[in-house]
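Q: Sharing a structure here in structure tokens format.
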Amino acid sequence: MGCTVSAEDKAAAERSKMIDKNLREDGEKAAREVKLLLLGAGESGKSTIVKQMKIIHEDGYSEEKCRQYRAVVYSNTIQSIMAIVKAMGNLQIDFADPSRADDARQLFALSCTAEEQGVLPDDLSGVIRRLWADHGVQACFGRSREYQLNDSAAYYLNDLERIAQSDYIPTQQDVLRTRVKTTGIVETHFTFKDLHFKMFDVGGQRSERKKWIHCFEGVTAIIFCVALSAYDLVLAEDEEMNRMHESMKLFDSICNNKWFTDTSIILFLNKKDLFEEKITHSPLTICFPEYTGANKYDEAASYIQSKFEDLNKRKDTKEIYTHFTCATDTKNVQFVFDAVTDVIIKNNLKDCGLF
């Protein structure tokens with residue numbers, strides 16, 4: 001009888017050991033799994049960050065994949081010049097050369113078919129080149145804060161000669177600059193520093209926000225993107241609302257949400273390159289009338305940083321990790337993401353009682 005009991009005890013002890021081992025392994029596996037939620041208003045650079053993860057932590061974009069972006073590059077280029085030409089009418093800006101009016105008519109006549117077919121024919125690229133060189137068009141481009149224009153407009157239009165070549169294959173940088181509105185949730189997986197990342201990019205336009213909700217559970221960290229350069233712009237979906245104010249409103253609701261009490265919040269103040277360019281001629285008082293500092297990058301950027309960090313109502317227990325970023329600069333994103341990962345590792349160890 002004694003032997004039987006001890007054999008059963010032994011088996012039970014083995015089972016218990018196995019369960020403990022499995023639980024420990026599951027715990028370690030869970031600690032290595034990182035769920036990152038990318039949040040922010042529309043056009044703040046979230047999708048560009050996702051593309052950078054593909055370049056930095058995966059194999060980037062193959063030639064075949066880059067080829068597939070040709071139609072998007074063409075569409076972004078055509079849409080940009082059309083937006084500028086349309087705005088000339090609203091802003092009452094004339095072409096410097098009156099014959100450009102014919103080119104404008106040609107642009108609207110040719111663009112629809114070109115976009116549908118995903119091509120940039122010679123006659124259309126010639127029309128775009130002549131329009132972009134016109135001083136009136138350039139004057140209108142200089143006033144782009146008064147209408148909706150893609151950030152990548154000048155990047156593509158200045159490089160039209162290369163883009164219009166018949167054998168054109170987009171570069172990684174061309175791909176990074178493409179703009180396609182994110183609808184729904186885009187999930188990306190990659191491994192870095194022994195951690196398995198699941199990154200969720202969520203559409204930033206207001207109509208998309210209700211889809212975020214079920215992504216929130218069990219999130220390790222939130223990366224909140226803000227377009228620094230949007231301080232003098234209004235929303236595409238609400239012409240009354242300043243984009244920076246909208247961003248602050250959204251950040252406030254995320255940062256102080258009861259669901260995220262234990263979630264690391266990482267703030268990416270993005271598009272620092274565009275902000276640095278813009279701040280010298282477009283004052284920060286457009287967005288913050290109370291601002292009395294200089295319209296210089298360092299001072300103005302610090303002011304915006306403090307405006308966001310001051311929204312944190314739990315400063316004693318919750319830290320905001322802020323980084324200034326340029327999402328189209330791979331080296332910058334690589335450096336910043338390295339620092340972000342260290343914060344995540346440190347916080348994970350804290351949660352496990354190992355730090």
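Each residue, glycine too, has its Cβ placed from N, Cα and C.
The feature Mg(2+) binding site is assigned by Swiss-Prot to Ser47, Thr182. What Swiss-Prot records for 32-355 is domain 'G-alpha'. Under the heading N-myristoyl glycine, Swiss-Prot lists Gly2, citing similarity to another entry as support. Swiss-Prot lists Cys3 with the feature S-palmitoyl cysteine, giving similarity to another entry as the kind of evidence. Per Swiss-Prot, region 'G1 motif' is recorded for 35-48, and the stated evidence type is sequence analysis. If you look up Swiss-Prot, you'll see 174-182 marked as region 'G2 motif'. Here Swiss-Prot flags 325-330 as region 'G5 motif', drawing on sequence analysis.
How buried are these features, and what lies next to them?
A: Proximity of Ser47 (Mg(2+) binding site) to non-local residues of its own chain (separation of 6 or more, Cβ distance below 8 Å) is seen for Val180, Thr182, Val186, Asp201, given in sequence order.
Beyond the region 'G1 motif' (35-48), the same-chain residues lying 6 or more positions past its ends with a Cβ under 8 Å from any Cβ of the stretch are 151, 176, 179-182, 186, 197-206, 212, 215-216, 218-227, 230, 235-237, 243, 246-247, 250, 254, 268, 270-271, 325, 327-328.
If you look at the region 'G2 motif' (174-182), the same-chain residues 6 or more away from its ends with a CB under 8 A from one of its CBs are 42-43, 46-48, 51-52, 55, 61, 65-66, 69, 72-73, 76, 150-152, 155-156, 163, 201-205, 208, 327-328, 330.
Mapped onto DSSP classes, the region 'G5 motif' (325-330) shows 1 helix, 0 strand, 5 coil.
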Q: Return the count of C-beta atoms lying within 10 angstroms of the C-beta of Thr182 (Mg(2+) binding site), excluding that atom itself.
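A: For Thr182 (Mg(2+) binding site), the count of other Cβ atoms within 10 Å is 19.
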Q: What average pLDDT does the predicted model assign to the region 'G5 motif' (325-330)?
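A: In the predicted model, the region 'G5 motif' (325-330) has a mean pLDDT of 96.
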